[in-house]
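One structure is given below, encoded as structure tokens.
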Amino acid sequence: MTELKNDRYLRALQRQPVDVTPVWMMRQAGRYLPEYKATRAQAGDFMSLCKNAELACEVTLQPLRRYPLDAAILFSDILTIPDAMGLGLYFEAGEGPRFTSPITGKADVEKLPVPDPEQELGYVMNAVRTIRRELKGEVPLIGFSGSPWTLATYMVEGGSSKAFTVIKKMMYAESQTLHLLLDKLAKSVTLYLNAQIRAGAQSVMIFDTWGGVLTGRDYQQFSLYYMHKIVDGLLRENEGRRVPVTLFTKGGGQWLEAIAETGCDALGLDWTTDIADARRRVGHKVALQGNMDPSMLYASPARIEEEVASILAGFGNGEGHVFNLGHGIHQDVPPEHAGAFVEAVHRLSAPYHL
């Protein structure tokens, strides 16, 4: 087993004792850090940054040099899989991700390959191996993927969406086509995450960013069903250690019980879910990650500390909490506010672990 100097994060995900509540931030390697902006400028563009193992490693490590975070997360993008399937990912200034060849019907879905993660996505595995080497066992490395439903929304809509009418039209008018796409994506995500684990990811997370736009019944059928399939197919042990799995559906607070049934180790919570309520409902079964509103980082350090105290009190004593934001950190947050957040979590959580 490779030695880890700090395994708090992995222990908390398995609801084992820790000295303080571990903390990391979604998008902790990102545009709020001036050093990230400098490295991105050096890379030329976002995907060039993702595809250069040394630079992806550099931006992964940048937040760890600033803050005593309890985990590193691979610097990559959820849309690497659709890009590897040949949809032609590009980023439009102010518009976010776009695809040159979105999915328009069954013929497009049938043509899609299931990418070989060590070939078409080999650059991600190179980044994982490079980051693990450079971390030198300081903290665990988190690998990740988008969920099949969330990836499908981008692939069918052709990019970001506000109303999701194009994919919902497919869901209601051509459900077999959508199921075919989701099934291919579930296979691709399983292979991709297992390759990340073999390359050295010590925990993995599935981001279901758009699951919350569905009705309860549609969520079960078009999102959760496929995440469950992935969880069933994942390597759960590597390097002599359990590899915990976290599922995060943004806007999914009403479905926590169903998500906990998948066999995952932890649930991500967004800031609209009360953490005390979540723990009462599923805390006997899974760990919880979250869930401060990312916009709270615009507040004063004193106000941030109050919010941290309130969330810690909501979760209460004992194990099974990984502190995080309820979604990614905003790009214009002052870096010192992120530092105040991390420091407050460690300092204020110790009494809950006596």
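Placement of Cβ uses the backbone N, Cα and C atoms for every residue, glycine included.
Here's what Swiss-Prot has on this protein:
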| type | residues | note |
| --- | --- | --- |
| BINDING | ARG27, GLN28, ALA29, GLY30, ARG31, ASP77, TYR154, THR209, HIS327 | substrate binding site |
| SITE | ASP77 | site 'Transition state stabilizer' |
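Taking the features listed in Swiss-Prot, we show where each one sits on the structure.
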{"residue": "ARG27", "record": "substrate binding site", "DSSP class": "coil"}
{"residue": "ASP77", "record": "site 'Transition state stabilizer'", "DSSP class": "coil"}
{"residue": "TYR154", "record": "substrate binding site", "DSSP class": "helix"}
{"residue": "HIS327", "record": "substrate binding site", "DSSP class": "coil"}
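In the structure shown, across all protein chains, HIS327 is the one of the binding-site residues ARG27, ARG31, HIS327 with the greatest number of other Cβ atoms within 10 Å. Recorded residues ARG31 (substrate binding site) and ASP77 (site 'Transition state stabilizer') have their alpha carbons 14 Å apart, per Cα-Cα distance.
Largest CA to CA distance in the substrate binding set (ARG27, GLN28, ALA29, GLY30, ARG31, ASP77, TYR154, THR209, HIS327): 23 Å, whole number. Here ASP77 (site 'Transition state stabilizer') is positioned 12 angstrom away from ALA29 (substrate binding site), judged by their C-alpha atoms. Within its own chain, TYR154 (substrate binding site) has LEU79, PRO82, PRO97, PHE99, SER160 as residues 6 or more apart in sequence whose C-beta sits under 8 angstroms from its own. When the recorded positions ALA29, ASP77 are compared by the number of other CB atoms within 10 angstroms of each CB, ASP77 has the fewest.
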